[in-house]
Amino acid sequence: MAILSHTLGFPRVGLHRELKKAQESYWAGNISQQQLLETGRELRARHWQQQKDAGVDLLPVGDFAWYDHVLTTSLMLDNVPARHRSGANESDIDTLFRIGRGRAPTGEPAAAAEMTKWFNTNYHYMVPEFTLGQQFRLGWTQLLDEVDEALALGHRVKPVLLGPVSYLWLGKVKGEAFDRLSLLPALLPVYKQVLGELAKRGVDWVQIDEQALVLELPQAWREAYREAYQALQGQTKLLLTTYFDSIRHQLDIITALPVQGLHVDLVAGDDDLTELHRQLPAEWVLSAGVINGRNVWRADLQSWFEQLRPLLGKRELWLGSSCSLLHSPIDLSTETQLDEEVKSWFAFALQKCAELGLLRAALNAPDEANQARLGEYSAPIRARRHSSRVHNPEVKARLEKITAADSQRQQPYAARAALQRARFKLPAWPTTTIGSFPQTTEIRGLRLDFKRGRLDGGHYRTGISEHIKQAIVEQERLGLDVLVHGEAERNDMVEYFGEHLDGFVFTQNGWVQSYGSRCVKPPIIIGDISRPEAITIEWARYAQSLTAKPVKGMLTGPVTILCWSFPREDVSRKTIARQIALALRDEVADLEQAGIGVIQIDEPALREGLPLKHSAWQDYLTWAVEAFRLNAAVAQDDTQIHTHMCYCEFNDIMDSIAALDADVITIETSRSDMELLETFKEFDYPNEIGPGVYDIHSPNVPSEEWIVELLRKAAQRIPAERLWVNPDCGLKTRAWPETRQSLANMVTAARKLREEQP
């Protein structure tokens with residue numbers, strides 16, 4: 001039985017972010033819809049051919065998305081909220097953009113759908129909305145159209161379909177409460193129709209993604225898999241696909257399903273190959289996810305060869321990426337500025353495809369020559385274990401000296417709050433922003449010219465100073481109470497700090513999609529982390545010199561830097577987080593010395609870092625909270641520590657949020673209509689909180705009345721004297737006109753509420 005290779009998906013955006021540029025040009029009216037669609041066709045054709053050339057046998061089709069693959073599935077099922085239909089019965093690409101962004105070149109603007117994290121990754125999906133008695137039908141035929149494209153190009157295709165149970169799990173009920181699982185019978189006929197259409201096209205295998213199986217599901221949801229797959233059997237072979245964690249706790253359900261194969265993530269999970277082989281039906285394909293789709297490290301092919309070799313000839317075996325390569329940069333060969341030793345440690349999406357081909361060849365013909373190739377390929381991995389670039393004895397020594405007292409503020413919140421009120425004398429309903437202001441073309445050009453040597457340091461600092469001054473003037477004019485310097489010097493909230501810390505390296509083209517057209521270029525943590533010199537002090541001190549109002553020092557927290565970087569795999573995540581916390585602890589002390597009295601330590605990724613299995617949460621939360629406190633606790637009691645979190649649901653981790661002991665927490669609540677605040681019915685949050693009052697991910701300007709309504713709703717759950725008024729996230733991606741108007745409405749709303757107070 002010859003072993004086949006496949007990937008679960010490929011990056012969509014293009015090596016040079018061609019999709020992002022086309023999307024944004026279309027939204028701005030600079031290119032036609034036809035030109036946008038043509039860009040998508042070109043990217044798909046290129047990516048299929050690149051995977052094939054690298055050694056992938058079965059090509060994923062349906063992994064491409066114009067905004068998000070969950071949103072694509074919603075349109076396929078005609079699950080379009082009424083507010084986004086804009087009078088049209090049939091969906092088109094603008095329908096999709098209205099759901100994702102709140103507006104599109106055609107149709108009426110409407111509130112965008114809620115966006116949240118994709119499992120425990122830094123990718124975001126658009127949350128499906130479900131209503132009581134909802135019906136589904138085959139609407140958007142993107143998957144079928146793209147299968148036709150790939151077949152016309154002569155490719156051996158494996159369509160990718162988000163499974164029905166996971167789709168329901170990922171959504172939310174809107175309106176009258178009901179069990180969304182009750183929609184499964186209405187959903188299955190559309191899935192059957194899609195599978196039937198694929199069968200008509202001669203499709204042999206369909207990859208049906210049921211990522212929810214890695215979770216610890218309620219029994220009703222486990223049983224739903226039986227109902228779903230009994231209904232879907234018989235038209236094509238189904239590869240039940242799981243990833244991001246182990247599935248051994250679900251094998252009793254999985255092995256009873258009428259599918260023909262199972263894909264298991266052997267990188268993120270700890271499933272045992274021998275045990276999987278023993279428990280799976282003998283006729284099933286076992287797809288081994290051995291190439292890490294979520295990180296950039298070269299795979300130890302020699303080790304995987306030894307683990308997989310005992311299965312040769314015993315069952316049909318496929319080799320795959322652990323998950324979609326969506327989470328990986330595209331091509332390492334374009335990185336011309338990386339040190340050659342460090343570069344030899346990495347593999348990006350195309351190199352990962354080649355790894356699959358190399359391992360497949362060795363397993364199909366396990367002769368000495370092929371095994372020697374594996375050994376040669378894996379040599380840099382062994383060399384890295386002893387590299388001086390990786391290990392710093394001083395960092396290890398400092399970690400060993402940490403005590404419990406290092407993560408404790410001097411006094412409890414109530415005593416600190418009294419000192420802070422006396423120091424800052426802020427009004428009721430104090431207003432602030434989250435940190436960043438619009439990153440204009442001028443700002444980006446200034447940074448780029450400096451980075452490429454076209455601008456000297458003096459002129460660069462002068463330029464950045466002018467933008468900081470403009471940000472302070474704008475905020476003073478608007479009447480905000482606690483100001484920010486605007487972060488003109490920062491390209492990305494994680495990359496900026498990584499550039500100033502030892503232990504990180506950076507890429508030129510290592511872009512990955514975050515959501516929609518938003519791409520990020522995560523740093524890579526290659527070794528022990530330390531701070532060689534102060535990072536933010538110069539700009540914070542300058543901004544504070546321009547105003548009598550407090551200006552926040554802005555730091556990215558240790559857990560977020562960890563989660564939004566490609567981490568090391570040779571030490572624990574806890575160890576990495578503590579190293580970052582110690583480095584940034586020194587930055588907090590330096591900010592205080594520079595006269596900064598309000599310091600924000602952003603942790604938007606705190607929930608994202610949670611293990612997928614609830615039983616493993618407490619261990620993670622213990623060290624994540626400790627890392628934040630280790631970072632912050634050096635501050636004096638009259639220094640106000642803020643933190644910010646976004647895209648999150650906190651109802652089930654409120655104890656840990658409170659344990660951070662931040663004086664003020666700002667959170668994303670606008671897209672979910674303050675839904676998060678429902679948790680305060682049960683949980684008496686002790687400190688101050690700023691529920692985000694408008695959605696910065698949409699260009700729509702919130703009305704003063706809308707903001708007042710949200711704040712009144714918040715005041716029903718949290719005492720008004722502990723409420724702050726702020727957007728739900730930074731304003732980096734917005735334009736100045738909408739930013740000014742939105743903030744003006746926000747400040748006016750806060751003043752109105754102050755006037756209403758007795």
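Glycine too: its Cβ is placed from the backbone N, Cα and C atoms.
Asp602 is the residue from Asp300, Asp602, Asp619, Asp637 that Swiss-Prot records in the L-homocysteine site together with Ile434, Gly435, Ser436, Glu487. Per Swiss-Prot, the candidate among Lys117, Lys396, Lys401, Lys713 that belongs to the 5-methyltetrahydropteroyltri-L-glutamate site alongside Arg17, Glu18, Leu19, Lys20, Arg518, Cys519, Trp564, Glu608 is Lys117. Among the candidates Cys563, Cys729, the one that Swiss-Prot lists alongside His644, Cys646, Glu668 as binding Zn(2+) is Cys729.
When the binding-site residues Ile434, Glu487, Glu668, Cys729 are compared by Cα distance to His697 (active site, proton donor), the shortest distance belongs to Cys729. Sequence-distant neighbours of Asp602 (L-methionine binding site) (same chain, 6+ apart, CB under 8 A from its CB) are Ile434, Gly435, Met493, Met554, Leu555, Thr556, Gly557, Thr560, Thr643, His644, Met645. In sequence order, Trp511, Cys519 are the residues near Arg17 (5-methyltetrahydropteroyltri-L-glutamate binding site), counting only same-chain partners six or more apart with C-beta under 8 A.
DSSP assigns Leu19 (5-methyltetrahydropteroyltri-L-glutamate binding site) to a helix. Put simply, Ser436 is the one of the binding-site residues Leu19, Lys117, Ser436, Glu487, Glu608 whose Cα lies nearest to the Cα of Cys729 (Zn(2+) binding site).
In sequence order, Thr433, Val484, Met493, Met554, Gln600, His644, Gly730, Lys732 are the residues of the same chain, not among Ile434, Gly435, Ser436, Glu487, Asp602, whose CB sits within 8 A of the CB centroid for the L-methionine site. Of all the binding-site residues in the list Ser436, Cys646, Glu668, the shortest Cα-Cα distance to Lys117 (5-methyltetrahydropteroyltri-L-glutamate binding site) is found for Cys646. The maximum pairwise C-alpha distance among Arg17, Glu18, Leu19, Lys20, Lys117, Arg518, Cys519, Trp564, Glu608, the residues recorded as binding 5-methyltetrahydropteroyltri-L-glutamate, is 28 Å.
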